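Structure first, commentary second.
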Amino acid sequence: MSNVHLVDHPLVQHKLTLMRRKDASTNSFRRLLNEISMLMAYEVTRDMPMQDIEVETPLETMQAKVIDGKKLVLVSILRAGTGILDGMLTVVPGARVGHIGLYRDPKTLTAVEYYFKMPGEMENRDVIVVDPMLATGNSAVAAVERLKELNPKSIKFVCLLTCPEGLATMQKAHPDVPVYTAAIDRELNSHGYILPGLGDAGDRIFGTK
């Protein structure tokens, strides 16, 4: 699929396999997600704009590169997006943070918004939306649609797992938004869960049921 980037680095795939195991503890699951998120941050930010500035080293003055423009914004889809957000902030500590609160209606599987908070000057910022699972795609589509109302410079979507159904939904609604994922699993089940998947990411991150 166009505009879909599979992050197949061996370290990412190894850690993802460990996360999939049903006997992985909450602590292990959370730690592994943090580590994968740091590795994925490297991939998703590789085309960020740069500018030259003058830097004085201990030996001489030189021209060196820094990231150009307003601070990047990482947008977490609550609640599970927090798991990816923490790892990415380790790599990009200067990023601004936004939150979108969405829950999935268990009957219709549609996304319902209950919270929305973003930094200022969004029209001058690049945005990375994070959520561990791109399953039905409804939450991702709703989040991106809401963000587009603020006219950011660009939007990317990062997830741990997705499936053909979720990707199709996302690409139909937002073909201009690149999706970065560690795996494309087989399918959705009738309850909207990815198969073979890794279960409910939010429950496994926070130790809830």
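Keep in mind that glycine also has a Cβ here, set from the backbone N, Cα and C atoms.
Of the residues R46, R96, R104, Swiss-Prot puts just one in the 5-phospho-alpha-D-ribose 1-diphosphate site with R79, D131, P132, M133, L134, A135, T136, G137, N138, S139, D200: R104. When the Cα atoms are compared, S139 (5-phospho-alpha-D-ribose 1-diphosphate binding site) and A201 (uracil binding site) turn out to be 14 Å apart.
Residue density at A201 (uracil binding site): 25 other Cβ atoms are found within 10 A of its Cβ, drawing on all protein chains shown. Using the Cβ center of I194, G199, D200, A201 for uracil, the list of other same-chain residues with Cβ within 8 Å runs, in sequence order, P132, M133, L161, Y193, G197, L198, G202, D203, R204.
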